[in-house]
Amino acid sequence: MSTGRNIVVLTGAGVSAESGIDTFRAEGGLWENHRVEDVATPEAFSRDPDLVLRFYDMRRAAIQTKEPNAAHHALARLEAEWPRRVVGGTVTLVTQNVDDLHERAGSFNLIHMHGEHLNAWCRACEMRSVWTGALSHRPQCPQCGARALRPDILWFGEMPYRMADIYDAMHNADMFVSIGTSGAVYPAAGLVRIARDNGVQTLELNLDPSQGSDLFDESRIGPATRLVPGWVDEMLAGTK
Ligand code: OAD
């Protein structure tokens, strides 16, 4: 298998699972304890903002106790070393995850398409602020003083972030790799079709075959902490 210069990697909850962060759709996952429509929609926020803010306060606190795992570290290593192996080569990491484990592992060229737990978004002035504490006590926005902060997390029915940048990266991609995502949520789940339409090499690394598994040129099944470092080693050794 030959490799191109520009790699786009899409990650989902499976990458952070071995760091102890629940995936969304597995038994015992996030939505088992809270129905999605109770916490992750604009309507839920209008109906019961206390419940929604407390729920995200709990998740925000929890992720700060977690550490990046071998998969996060391997992807950061790929981003750092790939341009040394392939002149002009880039690695763009597009994540559906709202934790900060990719950046804590050292990834820089990173797009959080579903938002970030450690940001608050002011509905009065529209500014984003880094936020590690709680929001349920209605703190003031550091920029404008309004008590109108919400989690900077995409809710169902809202537009994912930075789609123009994502489509741009896909347009320039020579290889597309999907890691730890069920392929259940669009537009992320549709990126593999864009890659295929552009004749781009595609690879999936996942614990189970995803919903669009047969769209990939190759699908490797196993835990991210084993598969991702192995794939990165292959890429950097030039054996794949
Ligand atoms: P899901 O929970 O839907 O899927 C997680 C995927 O990770 C599954 O396919 C698992 O097989 C796989 N997996 C689990 N453990 C793994 C491991 N150790 N190694 C590798 N793979 C593993 O999570 P996402 O696909 O990320 O959106 O969900 C997509 C979006 O749905 C989320 O971003 C969220 C949710 O609604 C929003 O909140 C907007």
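Cβ coordinates are placed from backbone N, Cα and C, and glycine is handled just like the others.
For H114 (active site, proton acceptor), the Cβ neighbour count at a 10 Å cut-off comes to 19, with all displayed protein chains included. In the three-state DSSP assignment, the secondary structure recorded for H114 (active site, proton acceptor) is coil. Taken from TrEMBL, the feature active site, proton acceptor applies to H114.
Within its own chain, G20 (NAD(+) binding site) has K66 as residues 6 or more apart in sequence whose C-beta sits under 8 angstroms from its own. Secondary structure at G20 (NAD(+) binding site), as computed by DSSP, is coil. The NAD(+) binding site annotation in TrEMBL covers 12-31, 96-99, 180-182, 206-208, A224.
DSSP assigns Y56 (substrate binding site) to a helix in the three-state reduction. Residues or ranges marked as substrate binding site in TrEMBL: Y56, R59.
Taken from TrEMBL, the feature Zn(2+) binding site applies to C122, C125, C141, C144. C144 (Zn(2+) binding site) counts 12 other C-beta atoms within 10 Å of its own C-beta, drawing on all protein chains shown.
Under the heading domain 'Deacetylase sirtuin-type', TrEMBL lists 1-238.
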Distance, Y56 (substrate binding site) to C141 (Zn(2+) binding site) (CA atoms, angstrom): 17
Distance-selected binding-site residues near ligand 1 (C-beta under 6 Å), from S16, G20, R59, C125, C141, C144: none
Rounded distance in angstrom between the Cα atoms of G12 (NAD(+) binding site) and H114 (active site, proton acceptor): 10
Distant-in-sequence Cβ neighbours of Y56 (substrate binding site), under 8 Å, six or more positions away: V39, H117, L135, P151, I153
Other residues, Cβ within 8 Å of C122, C125, C141, C144 Cβ centroid (Zn(2+) site): R123, A124, E126, M127, P142, Q143, G145, A146, A148, L149
